[in-house]
Each structure stands twice: as structure tokens, then as C-alpha cells.
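What follows is one structure encoded as C-alpha cells, with my remarks underneath.
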Amino acid sequence: MDSSSRLLVVVLGILAAGLADATDRTLDAYLNPGCPTTSCTTFGVNPPYANNLVYIRSEVVNVTDAKQYRIFWSTIGAPTFIITEVSPTDPKDIQLAWNDFLEDHTPEGTYFTLYGGRYAGIEFAKLIEYDDVNNTGQITDANDTRLYYLDRNTVHWLNVTLIQEDDGNLLANLTALITQENVQFNLTIQVRAHPGDGRAAQNPRMLFTPSSVNAVHSEDISISDEYSPGIFTVERVGGTDTYVQWRPIVYTKVNPGVSDSTRSHTGPLLPINNTMDWTNHTGWGLPYSLLGGLNGILDNGTTLMRFNVSFGITDDDYYNSTGFQEWSCELGVGQPPIDVVSKNVKLIIAIGFGIPAVLIVIAATYVGYLRYKKRRENRLTLLTETTTTNYQTLTD
Amino acid sequence: MLEADSIVNAQRGFLGASTPTMEEEEEDEPLIDVSQEEDEELQGSAGCCYPTGTGYRFAVLVLICLTSLGSYFCYDNPAALQKEIKNDMGVDTTTFMLLYSLYSWPNVVVCFFGGFFIDRFIGVRWGAILFGALLLIGHYIFAVGAFVNEFWVMEAGRFIFGLGGENLQVAVNAYAVNWFKGSQLNLVMGLGLSVSRAGSVFNMNIMEPIYKQLREHYSGHVCLGLTLFIGGITLIFSQYCTFQLAWLDKRAKRILKPKTDLATGEKISFKDIKDFPISLYLLCLICVGFYTAIFPFISLGLVFFESKYELGSGQAQILNSLIYTISAVASPIFGFLIDRTGRNLIWTNAAILLTILGHALTAFTFVNPYVPVCIMGGAYSMLASSMWPMVAMVVKEHQIGTAYGIMQAVQNLGLAVFSIIVGVIVDSDGYLILEVFFLGCLCVALISGILLYIFDAKVDGMLNLSVAQQKLRFDRDKTVEDTKEKEIMT
């Protein structure tokens, strides 16, 4: 099975706003800040492969007590995305022991320190590809699978492309070539930081606002699929004030319609320990990544869970027929934004029901009046006829 | 799209209308000779062989229903064999959908002229025979196309099939109005819908097993062609029914001739169309608004039920076909009730309101989906049984075919256009907005229904009269006609 033409796109939204007006929040991005080694810009045997760590300061200007956020997008090892809240009065910057992290890395080491309060992070550790010969959307033969560890040996990341979009969002295109056992395919992760409330421009257009714990996997069903056609459910993994959420849909085409999609399925939440065999990739520990190097990540105060998200359902023919799939999720701290019926829809419904209701009243009144008028005319006619008859009787 | 189209034409049977052109010159030529002796023998009797007898009318009713059965059965042959056609003929979904587009779009125009053609020139008997023959020929060209593995021949066959399909229903409804106006027309319309639904369901369930059976001996396009040949047998049967119906109608005319000879002398002309009452156009708006909220909903319903209610495909399929299943049972019942109560307009408006309720429940709640679907199924039957007979109440007898033709043309146009629009809405804005769109269409239908209610009250029309009031009105009109007749005789 030649997979060279395949493309997996993961779209990730990082949420860091909401308490301030969008126009007041600034997003300042830095690439590999403070990195003293050339490993940051050149990595691997074929430049321009690189290590990318995008650091973003999300701040509100001119408001002293507004929340400040720090955002990290890393492709050093397994791709990792972290958002943390920092004190508005003492916002500190990143502290990362670059040399140790990149070169003298040990599994138990801590190289990266977050200051401040709560944080949420997500890491994509591996991809599993299987030949769905029976078109069931499920792995039928565990031996017939390919496992791609998103580590430094398998994945080669290109230099990140950072784009400041018109609406103030900061977009990063993280593109990698995955090579394993003569199979190659492309992985693209598009990640956006949002400066304020709003909604993603692409399907599923998820709502965003800003933003431990026993993480749970939950599903919210809404009556509205206005911004994610065909999908009424939001799946969420999170604690009391951090979350990762997504619509269980996988698009199989760029600019998709409802028919250009299939479903994703989320497996159960499972624990993570630090027993991973780094050489053979056995166990369920944290792989080499920014999250794996985070100071305090294995403390009791942090909840770490792992779960699988599989793409495709029975009879959807989705992967072989398109060679493209796109899945989106969003990560944030605070309460997750929840979709409600939009004001426009409410207005249309009010008008749509209001006009017929008013017309019904008018029609009933008018028809009642016509009947009254007709009855009155009949009575007058009868009266006239009777009077005439009486008159004639008298004259006779 | 497929389902929507199928529904467009699923309505054909009822919508079509017909015209009482029994007095057409061409129709005076004997189709099948009935001896004068037999006529004389029958005259004055009131037995089952007398045209006004229950047995005779029942036979006509059965034939009317069976005449459309083949048309409905074969119309949805492509849907029943969609996978097989795509595989055996090597076409994609878009090309496959041409088989329905080639039927639907021409009928936006053709059924209008078909109604006029029947009214003005050939009359209902030859109309039914001619259009039935077009169906038969079209379907067998379609089958030959599959047999010889030429898809363009199949497309040509579907086009010819479409020329007959809608117009046959105009003729069939003309028969219905001719025979049952003023008595059990609502019931007959309901029964027609019921039989058409049965034809569709029968087709959906039997064609694939036939194909699979034949596949043991034949393969590919040959197997497909042979399956379609077998499906065409229903059309041969329906064509036989058109002859039988014509014979019974002709015979009735002969026997009853002295009583009806002067009843209709008028012929429709194009000038008459501009004088059609506003009621007819309001009925057209109701028709488009209502059916837009039903047929495209069904065509998109499968994915909707799977997405919103997280049903498996089997259960979603059952739910999605429930509206038709209910209509097959409920339509005659509602027809019977409306025949007993009259007040068609109230029934129609009630059906629209119920459908609004059904869609609102579907859009804004998570109530068990069987509840709104059952409401919609009942409302659909209620509307079909009450609305189509109203056409015969708002135009003159010699204009009925054209009036039904206009209504069908508008309906076809509306559904063809809205089927495309709803697809775009779902892709860009999702099912909630689609439901809001359907509610909007229903509000347009309701507004039209209310305006019709006002208009009918103002002109002292018949649409909202009880059965007793209708009977008084018929008697009064008949007295006027008899008086005119006597004056002419004098």
C-alpha cells in the first residue's frame, strides 16, 4: 500500500481570550526564543527540517488585572500544544533548558518550567494506520496495522510558517514528512491562536472563548449544527476548568460539504505512567516532547490521560477513496464555549411564526365579520319580506 | 435528490387532473363497441352493470388506482437498482441522477401542456391511453439501453417515460373527478395516494431480489436489462387498465348520454388561463410550500436521523420511510373522513399546522423522532386527501385538466429548484437551518391557506363548506344547469 499521496490534517485551535475585548488582546509570537544552539534551525540530515517551538504571549494592554496567557506550539519530539494562564501582575516568560532538552535528553528529565496557574496541554503521540479491507471502520487484524510514532526518528518537520490573519488570529502551519518502512505520507497540523471571542472560519466552525482534576470524556448534544453541518455533538475531555473538545467529524475533502465527511470515534480514557521504553516504544509513558519535559508533569496535582481517536465508520470508504482527512479540536483553559441557536435563527423563527399567527387572527376576525354581515342581511331580507307581506295583507 | 425526485412524481397521481371531455368528438368514435341492445337492456336498470351502480363505480375506482400503479412502480426502478446501475453501467452518482433529472425538469413544462392537450384536443380516454403508451415505450427503451450497455439510450428512455408519467396522472385524475366529484372524491384521491405508495414500496422491495435471482444466470448490464424488462410488466398491466377504463367510461357515456349530453359544451382556450381564480394560484403556493417541507426532508432524512438522533442506518431507514408507510394507510382514512365532514380548507390548514409542529419538534427538541415523523405522515395524508380535490371546486369542469397541469407544473418547478437549494443549505449551514427553511416554506403555505380562507369566504366559495352545504350548492347549481338546458331545448 503506497501511502505517499496521503495527507492528514489536524486543525487545532488554542483559545486564549474572552475576558477582554478582542481588539484589546495582542498576540506576540516568538520562534525558538532563547535557543542557543543551531539544532533549532537545522535538524536532521536534510535541511530545512527543523525543531519548532512557537511561543506566544497573549496579553491585554491597558487593563491591569486582565488575564494573561502563554501558548506553546512545539514539534520537538511528539507535537505538543500547551496553554497556561499567568499572573497579570507578574507575567513571566518561558524558561527552557534548550541544550539539555534537545541534546542530553533523558526520559525522567525536566527541562521546561511553566509559571503561574492552570494549564492545559495536548500531545499527539502516534498514528495508527490499518488496512480496512472489510470497510468496517475498525481494526480487524491487529497484525495488519502500521504504527507511526511521532518521534524525532520518524517525523521530519519543516520550518514552521506563521501567518497573522486578517481577523487577528495567529496561524501556524506545521508540516511533516513521515517516513517508516518505505512508506511516506504528509502530516499537517494547522494551529490557531485566537485573540478574542469568535468562531473558526473552517468547518467545523467551533466556538471559541478563553479559558486539576479528574479528567472525564463527555458528549454534549445540541439542537444546533449551524456551524458544523451534520454534527450535533461535541465531545470533550477535561477537568473543571481545562478542556480539549472537538466535533466527532472527519472531513475527507478541502472545503467539504456534509457528504464529504465521516465520523471520528473516541476510545476510553486511560492512564499514563512513565514506564515507556524509549528504544522500543513500549509502555504508555510520555514520549519525548515538550510535555514530557515539563517540570512537575508527573506530580499528583496534574491529571494525565491518554485516549485514541479513530477516523471512519462502517461502509464509508473514506480513506482509500480520498487519501485526505481533516480532524479538528480545540484546547483551552476555563469553561468550554457552548453553541446555542444564533440570534439570526431566532429572529427568522419569530418572523416566520409571527406573520401566520397575526394572519390567523385577522382571518378569523374578518370571516367572523363576513358571517355576521351575511346573517344580518338575511335577517333584514326576511324582515322586509315579512313586512311587505303584512302590508299587502292589510291593503288586501 | 433522488428521493425528492421520486416524491415529486409520487404526487403525480393525485395532482394530475383531468378533464371531463367525454363529449370530445374523437371520443365519440367507439373505442370498443357496445351493442345497442345491451344499452337498451341496461337502461333503466340500477344493477351492478349500470354506470351509476356501486359495482360499476367500484370497478372504475380499482382501475383508476391500478392505472397509476405501474407508473409509480417503474418510476423508482432506478432508485431500487441504484447500486446495480452504477456498477453495471459504470456511471457515477451525478450521471446516475440524470435519470431522474431527465424525468423531472421537462415535466415542469410538459405536464401543463399535457393537461391543456387533454382538455382541448384528445380527451381523457385517449389521453390516458396515449400517455400510458409513452410510459411503456419509454421504460422499455430504458431497459433496452441497459441490455445493450448504452447509457444514453437509458437516458432517452427516461425522458420519454417522463413525457408520459406526469400526464398519465393528469388523465387519471380527470377520470377521478369525472366519476367521483361531489361524492367520494376525497376518498378516491386518498386511495390513489395509498396505491401509489404501495407501488413505490413494492418496487423498492422486489427489484433487487429479482436482479439477484437473475444474476445466477446472467451478469452485468444484461442482467440489469432483463430485470428492467420484468419490471415493465407492471406497465403492461397498467396499460391494459387504461383500455378497460376507457371501455367502462365510454360505455357509461353511452348509457347515460341523454342525461349528460348538454352538460358540457365548452372547450378550454389559452385565454381562459388568465381568468383562473386566485384560489388556484393560492393552492399552487400551498402545494409548493408544503411538499417542499416533505419530499426534500425525506430525501435528506436518512443522514439527518443518523446524525441528530444517533440512530443506526437500519433504524434511520425505517424512520425515513415512515411518512410514506403512514400515508399508504392513512390517506384513504382521511379521504373517507373528509368526504363525511367537508370543509377541505380547514383540513388542509390543519395539515400545514401539524407539519409545522412536526418540523418544530424535529428542529428544536430531542423528542423521540417517531413522534414528529408520525405527525408529518398523518398530516401529509390529510393534505393530499383534502387539497387536490379543491382544484375541482375552484375551476370549471372543462378547465380541470389544465388547472391540475398548472398546479403540477408549479409543484415540479418548486421541488426541482428547492431540491437543489436544500442540498446547498445542508452543506453550508447544517440541518437546523434546513429545518428553519422548511418551517419558512410551511409558513408560506399557511399564509396562502389563510388568504385562501379569507378569499373563499369573501366570494362565498365552496372550499370550506360542510358536506350538507356542498350538497345544497350542488343541487342549486344543478337546478340552474337544468333550467338552462330546458331553455336551450325549448
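Cβ from N, Cα, C; glycine included.
Keep in mind that this is a model prediction, so the values were computed, not measured.
Residues or ranges marked as domain 'Major facilitator superfamily (MFS) profile' by TrEMBL: B:60-460. The feature transmembrane segment is assigned by TrEMBL to B:55-75, B:96-118, B:124-148, B:226-248, B:280-305, B:317-338, B:345-364, B:370-391, B:403-426, B:432-455.
Most Cβ pairs within less than 8 Å of the transmembrane segment (B:226-248), among stretches B:124-148, B:280-305, B:403-426, B:432-455, belong to B:124-148.
Counting Cβ pairs under 8 Å to the transmembrane segment (B:345-364), the stretch among B:280-305, B:370-391, B:403-426 with the most such contacts is B:370-391. Taking pairs at least six residues apart, the transmembrane segment (B:403-426) and the transmembrane segment (B:280-305) share three or more Cβ pairs below 8 Å and count as touching. Using a Cβ-Cβ cut-off under 8 Å and counting only residues 6 or more beyond its ends in the same chain, the transmembrane segment (B:370-391) has close neighbours at 11, 14-15, 17, 173, 181, 185-187, 189-190, 193, 279-280, 283, 286-287, 290, 294, 297, 319, 322-327, 330-335, 338, 344-345, 347-348, 350-352, 354-355, 357-359, 361-362, 400, 403-404, 407, 463. Among B:124-148, B:317-338, B:432-455, B:432-455 has the largest number of CB pairs under 8 A with the transmembrane segment (B:280-305).
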